[in-house]
Amino acid sequence: MPKKNRMSPGQLFKVYRQVEGITQKCLAGHGNIQTLTFNNNSIMSKGMTFALGIEVLKYHKIIDKIIAESGLFKKKPSLKKDQGMLRIIMFEALFGEKSGDSTSIEELWKRYDKINFDLFKLGRTEYATWKSLLDKEKKKLGYTTNEGFVDPKYAKSKTHQHDNPEIELIRYVRVNTLKTTKEEVINKFSELGYEYRPVGLDKTDDFDKNEKSIVEDNHLTNDVLALYPSNVTLHDLEMIKSYEIIAQDKSSCFPPFLIHKELGGKLGKNDCLIDACSAPGNKTCYLAALFPSNQIYAYERNKNRYETLKNRMVLAGASNVECKLDDFLQTNPSDPKFKNVKAIMLDPSCSGSGIGHGNSIKKERLLSLQQFQLKLLTHCFNFPNVQFISYSTCSVCEEENECVTEMGLKASNGAFEVVHTFPEWEHRGLESSPVGDKCVRVDPKRDKTNGFFVVCFRRVNKQ
Ligand SMILES: C[S@@+](CC[C@H](N)C(=O)[O-])C[C@H]1O[C@@H](n2cnc3c(N)ncnc32)[C@H](O)[C@@H]1O
C-alpha cells in the first residue's frame, strides 16, 4: 500500500484504529468488511482501510496462532484487549510490504517510533520471536510461500460482496439519473477502456468476462449496468465519488423499479411516496430518481444511519427526499399530511440471510423478525390512499418472506391483493406457498446478485 508512506503518523494510526474496529467486528460475525467500510461515512481513507483490513483478515488465523505461541498474553495479560491492533502490527511485520528484509523492517519500526503508543514498540522487541514462529510453522507445513496461510473465506473478498466466498456476484452500478445520463456514463467508461455491450447479459455469454466491459442489464435496461471483470474496485472512480453512478446490487433496485413500473406516469404532482425503512438509502435514492417530481418521505429510526441517509441524499442530488429521524410505526396514517401518499416502499431490517449473514439464525429470532416485519406491513395498509406497497427483504428465509406476505394479506382483510409482479423475472417465490408464484425471489448462486425477496400489494378498489 504505497500511499500509506505519505501519511502522517497520526493519519496512519487513525487508519489502523479503523482496521482494528472493522476486523474485530468481521471476526465476531457482525457484518462483512465491504459494508462495514464503505457504508460508514465516518471511515476515512476507505480504500486503504479496506485493503489493509482484508489482508489482516486473510492472515488472521496464523497471526492468532503466533500471538498464542509467543506467550505474549501470559507475560502481559493486559495486552489481550489490544489483540485487534496487535494483529495489524504483526501482519505488517510478517506479511506486509515492509516485511521480508531487515532494511524495510527497520523503516517500519522507524515509522512506528513516531506513533506515540507503546504497543507499536513491541514490534521491534518481539519481531525475532514472531518471525521464528512463522518460519517454524512454514517448515512444519512444507510451505515455501505465505499463501498457504490465507483463510479461504477472505481469499477472494475483493471480487464479490457476498459473505459466502463460493458465491461470485456480478458487479453492478446504477446510473444516478438525478446527476447524469446513461449515455454520459457509458462514454466515461469507454474513456476508461471499457467496451460497451448494449445487449442483455443472458445474450453475452460469449464475451471474455476478464476483459473490461460494461454491459446493459436485460431487466433494468434504463438504469443498471454490469461491470466486468467483477473484481473491479469502484471506490476510486470519479463517477462514484460524484454520485453519477452508485454501486448497487441489481436485486436491491427491484422495489423502486417495480413501484415505478406500476405507478410511473400515473402520479399527480401533489402525490407522494414513503420509504418506511430507508438507511443507508440506496433504494430511496433510486426511488427519488424514478419519481423526481414527487415528494418522498424517508423514515429512519437509527440516528447514525439517519445521518448517513441524509448525507447521501444531498450528495446524490435527491432533493425531493425529506429524511425523517423517526420510527415509521409511530406515524399516524390519518394525519392530513399523508393524504396524498400513494405508494410505500417497505424494506425492513431482516436476517440478511440473502447476503450470507445469519446462516445459523435461530427459529426464535426469525419469528421475532417476522412479527416486527408484519407489524410494519400492516401499518402501511392503514394509509388511507396508498395504492401500492412493495415489501422486500435481503433474506432467503420463508418466515420473513412468503409467510409475512400471507399473514399480511390476511390481515388486510380484502383491502389489498398480492400483485403478480415482475412476470418477466423467472425465479418466483416458494411453490409451497399459495402466493409463491406472485413473489420474486433472487438466489445469489443462480442469479449472481445478492439473495432477495420482493412482493407487491395493490389496493383492491371496490366499485
Ligand atoms: C434493511 S435496512 C434498509 C436498507 C435501505 N432500504 C437501502 O436500500 O439502503 C432497514 C433499515 O430500517 C431501519 N428501521 C427498522 N425499523 C424501523 C422503523 N420502525 N422505523 C424506521 N426505520 C426503521 C433500520 O434502522 C435500518 O436502517
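Here, residue 1 is simply the first one shown, and the rest follow in order.
Just so you know, glycine gets a Cβ as well, placed from its N, Cα and C.
Cross-referencing Asp271, Asp327, Asp335 against the S-adenosyl-L-methionine binding annotation in TrEMBL, which names Cys277, Ser278, Ala279, Pro280, Gly281, Asn282, Lys283, Glu300, Asp347, picks out Asp327.
Ranking the binding-site residues Ala279, Gly281, Lys283, Asp327 by how many Cβ atoms sit within 10 Å of each one's Cβ puts Gly281 at the top.
Taken over all pairs of the listed S-adenosyl-L-methionine-binding residues (Cys277, Ser278, Ala279, Pro280, Gly281, Asn282, Lys283, Glu300, Asp327, Asp347), the Cα spread reaches a maximum of 19 Å, rounded to the nearest whole number. Across the domain 'SAM-dependent MTase RsmB/NOP-type' (161-460), the model assigns an average pLDDT of 91. The Cβ neighbour count for Cys277 (S-adenosyl-L-methionine binding site), using a 10 Å radius and every protein chain shown, is 23.
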